[in-house]
Amino acid sequence: MTLSFVTRWRDELPETYTALSPTPLNNARLIWHNIELANTLSIPSSLFKNGAGVWGGEALLPGMSPLAQVYSGHQFGVWAGQLGDGRGILLGEQLLADGTTMDWHLKGAGLTPYSRMGDGRAVLRSTIRESLASEAMHYLGIPTTRALSIVTSDSPVYRETAEPGAMLMRVAPSHLRFGHFEHFYYRRESEKVRQLADFAIRHYWSHLEDDEDKYRLWFSDVVARTASLIAQWQTVGFAHGVMNTDNMSLLGLTLDYGPFGFLDDYEPGFICNHSDHQGRYSFDNQPAVALWNLQRLAQTLSPFVAVDALNEALDSYQQVLLTHYGQRMRQKLGFMTEQKEDNALLNELFSLMARERSDYTRTFRMLSLTEQHSAASPLRDEFIDRAAFDDWFARYRGRLQQDEVSDSERQQLIQSVNPALVLRNWLAQRAIEAAEKGDMMELHRLHEALRNPFSDRDDDYVSRPPDWGKRLEVSCSS
């Protein structure tokens, strides 16, 4: 089957990119590819059998027209000016059978006009982390970019030490970022901001294109998508680590996996990025930061959208987030209905977990073992303060009995929303260290395991982290 590519970005937004081709690595070789995703995108298996090829920037497929995008943004709350694709190149937009498109974005593809002081490269460590994280999030049901392939090489890339240069093929319906809009707003080119909005509406919100109120309705949906995404992050214990405006997806996708981390111990103020000295992007601050970023996006639209309309959309953020979050957290607790005491029970559990540094994922997963008419619970052994747990658990069982459903029904609900497996940093690190020694088996094993996060397992993928794997330091270095 021949793949078809279109050039919408190149044709319709001529001042938002620089056309250029990837710079190949030395002795590039394909070490992993996403068979399931490739099948979904109707990519012939033969493309993965002819060396690095397009996956390593050594060839282009017919119809591809590579370019690097320019955008700007606020980083750690401070205006950073022009940024852009410093090491990534959009190879093309694949046209799918249903008329939608999928960006093919090659990360680590070499120098671009937007590399600033960088070298345009990515290292094997960061490409493995992003591939694992994006696929883990996908199978958790959270909107995200996807990973299609990883190429390693003999080209050294210098970070803290010399590391193998690598490339990641990332795919997504769009790489539109808040930062695209900021770029032209701060250059006082509001008409180009409008062109970006029209482009987004035309291709991703086409049902609004002929509506006279399209900009307000569109921005309201961007707010809702963002609120929903953040609610989902919070419920699975995911910390992004670098929520700069240039890393915010207009479509509400999880974008740009860098120093991310999933909670091990329940620590509301968890900071996964060791460069985040002030804790701006801590786990519990993510909802507020996302709203702040939406406010920056709203500012760029103010020359052609009524400020009252923008503020009305922004005002809806909190309620949308709380609605999604509350619904999912009730499911995580096994509640089939909504009752007035639900929030208090959840907050009391969180307080107990925070005091005892309980494992976030294991605690919620073990709730499925609760029998509503039994005072015994395997979860009790997870807590030191048994009296405090017993007090909470008695009220929790009483709440379960209000729903009048069987233990098996409730267990099925809890296990469908509380994963047994999340991508803990130590699991990723183990796969990385093996891969850097030339052993790709753990990378493939872990990818396969992450496809079934809600299935029970009896291996160390679902255990607490070993001592060496606790609080691994992760930075923006990639």
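Each residue, glycine too, has its Cβ placed from N, Cα and C.
Per Swiss-Prot, active site, proton acceptor is recorded for D246. Taken from Swiss-Prot, the feature ATP binding site applies to G84, G86, R87, K107, D119, G120, R170, R177, D256, supported by sequence analysis. If you look up Swiss-Prot, you'll see N247, D256 marked as Mg(2+) binding site, on the strength of sequence analysis.
Listed in sequence order, V242, N247 are the same-chain residues at least 6 apart in sequence whose CB falls under 8 Å from the CB of D256 (ATP binding site). Here the binding-site residues are R87, R170; the one with the fewest Cβ atoms within 10 Å of its Cβ is R87. For the ATP site, whose annotated binding residues are G84, G86, R87, K107, D119, G120, R170, R177, D256, the maximal Cα to Cα separation is 23 Å.
Long-range C-beta contacts of the residue listed as 'active site, proton acceptor', restricted to its own chain and to partners at least six residues apart, with a cutoff below 8 Å, comprise Y71, S72, G73, H74, Q75, A80, L83, R177, F178, G179, E182. Sequence-distant neighbours of D119 (ATP binding site): residues of the same chain at least 6 apart with a C-beta under 8 Å from its C-beta are R87, L111, V157, Y158.
The 10 Å shell around the Cβ of N247 (Mg(2+) binding site) contains 21 further Cβ atoms across the protein chains shown. Secondary structure at N247 (Mg(2+) binding site), taken from DSSP and collapsed to helix, strand or coil, is helix. Counting only residues at least six positions away in the same chain, the Cβ atoms of A68, Q69, V70, Y71, T112, P113, Y114 sit under 8 Å from the Cβ of G84 (ATP binding site).
Mapped onto three states, the DSSP output places R170 (ATP binding site) in strand.
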